[in-house]
C-alpha cells in the first residue's frame with residue numbers, strides 16, 4: 001500500500017459559520033422567491049399545528065368544530081409568536097409553534113377527577129380548556145422571569161461546546177419516534193415521499209431553471225404536492241375502503257371533518273373559550289413543560305444560528321429570546337391553543353435543506369399562518385395533508401438538526417477520553433431514559449412517577465421524558481465536575497468564550513441587534 005505524503009493529507013479546520021449558504025440570516029432572496037419559501041415553511045409547520053389538537057381535543061370532549069377552532073387558534077398565535085421572536089427575541093429565523101413537551105401535564109389536567117365528572121362533552125371541553133389556559137398563564141411567568149432577568153444567561157455560563165453537543169443533537173435524534181414509526185403507518189405514501197424528497201433535494205439539487213436551483217429550494221413543496229395528489233387518487237379510487245380505521249386516518253386525504261367544520265372567516269381572540277381557571281397543582285405540573293421547552297429551544301436556537309450562517313447566539317440574546325418565548329406561552333394561555341410554544345425543529349432543519357437562512361422568509365411564513373388561520377376553509381384544505389407525508393420529511397430534517405449538534409465536536413478535543421466519556425454517556429442516557437419513561441407509560445397507563453402528588457408526578461414524568469433535557473442535565477453536570485480544571489481547551493472554551501458576550505465578536509451586532517434602533521433603550525450586555 002502506497003504511503004500517503006504529508007502534503008496529500010487534507011485537514012478541515014474548525015469554522016465558526018457553515019459555508020455554502022446563498023442567503024444567511026440578514027440577506028434576502030428576491031420577493032418572489034422569499035414568498036414561495038415562506039409558504040413552504042408554513043406548509044411544514046402545519047404538521048404539528050394539526051396533530052397536537054387532533055390528539056388532545058377529542059380527549060377533552062371537543063367536537064370537530066372545536067378541533068378546527070383550536071387548530072386555527074394555534075396557527076394564529078404561532079404566527080404572532082414567530083414575528084415577535086424574529087423581530088425582538090433572538091432574531092434567528094425560527095418558527096415558534098406548538099410543543100409536544102406540554103402534552104404530559106395537559107393530559108394530566110384532562111384526566112383530573114373534577115373535570116372527568118362533567119357529563120356534557122362540550123361543557124367538559126370548555127372547562128378543561130380554561131384549566132389548561134390558567135396553567136399556561138401561571139407557568140409562563142417562570143420563563144418570562146428567567147429570560148428577562150438574565151438568569152438563563154447566567155446559567156448558560158456553565159455551557160460549553162462539549163456540553164451543547166448532546167443537547168443540540170438530541171433536539172433532532174430525540175424526535176425519532178415521529179419519523180419512520182409514523183411513516184410505517186402508511187408505507188404506500190410515506191416511503192415514496194421519503195425517497196422522492198431525498199432524490200429531489202440532494203441528487204437533483206443542481207438542476208437550475210433560469211439560474212435558480214428549483215429542486216434544492218422548493219423540493220419540499222414540490223414533493224408534498226406530488227405525493228398529496230397521489231394519496232388523493234388512492235383515496236378516491238377506494239384503496240382504503242376496507243382497511244382498518246388506523247390506516248384510513250393515516251392515509252386518507254378526505255378529512256371532511258376539518259374542511260366542512262372550518263368557518264370561512266374567523267378571527268381568534270383572547271379568552272374566546274371563557275375566563276381561565278387557576279389551580280396550583282395544574283400550574284406546578286405545567287412549569288416542568290416550560291423548563292423542558294426552554295432547554296429544547298436553547299438547543300434549537302444554537303442549531304438555527306449555524307444553519308443561518310450566524311455566530312452562536314450570545315448569552316444575553318439567548319436569554320432575551322427565552323423571555324419572548326415566555327410571552328408566547330402567555331399568549332397561548334390567553335388565546336387557548338391547548339398547548340405551549342417552543343421552536344419548531346422541523347423548520348430549523350429546512351434551513352439546512354434549502355440552504356436559505358433568511359430571517360425575512362420566516363417572517364413571511366408567519367404572515368401566511370395568520371392569514372390562513374383567519375380564512376378557515378383554505379387553511380383546512382392544506383391541513384388535510386396526511387401526517388405520514390410530514391413524518392417522511394421529518395426523517396431528513398430532524399437528522400440535519402442532529403448533525404448540526406455533532407458538528408460542534410470540531411471545536412473540542414475528541415482524542416480526550418474525558419470528552420468521549422461525557423459525549424457518549426450523555427447522548428446514550430438522553431435517549432435511553434426517556435425511552436424507559438415512554439415504554440413504562442404505554443404499558444402501565446401512567447408514568448414511573450406515580451404518587452398522590454399529581455404535580456410532582458407531572459414534574460418528574462415531563463422532565464425525564466425529554467431527551468434534550470436529560471442530555472443537558474447529564475452533560476452539563478459531568479462537564480463541570482469531571483476533571484474540569486485545566487481542560488478548558490479540550491472543552492472548546494477558548495472558541496466559545498468570545499460568543500458569550502454580545503460585544504465579544506464584531507459579527508454579533510450584525511446578526512442580533514434589535515430593529516428600529518431599540519438597542520438605545522435596551523443596550524445589550
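Glycine is treated like the rest: Cβ placed from N, Cα and C.
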The annotated transmembrane segment range in TrEMBL, which must be one of 292-314, 315-337, 338-360, 361-383: 361-383
Segment assigned the feature transmembrane segment in TrEMBL (from 389-408, 449-468, 469-488): 389-408
Considering the transmembrane segment (70-88), which listed stretch of 39-58, 94-110, 131-152, 361-383, 389-408 counts the most C-beta pairs under 8 Å: 361-383
Paired segments the transmembrane segment (220-240) and the transmembrane segment (389-408) in contact, 3+ CB pairs under 8 A: yes
CB contact flag for the transmembrane segment (420-439) and the transmembrane segment (131-152), at least three pairs under 8 A: no
Leading stretch by Cβ pairs under 8 Å, where the reference is the transmembrane segment (39-58) and the options are 131-152, 158-175, 182-200, 361-383, 389-408: 361-383
The transmembrane segment (158-175) versus listed stretches 182-200, 361-383, 389-408: most Cβ pairs under 8 Å: 389-408
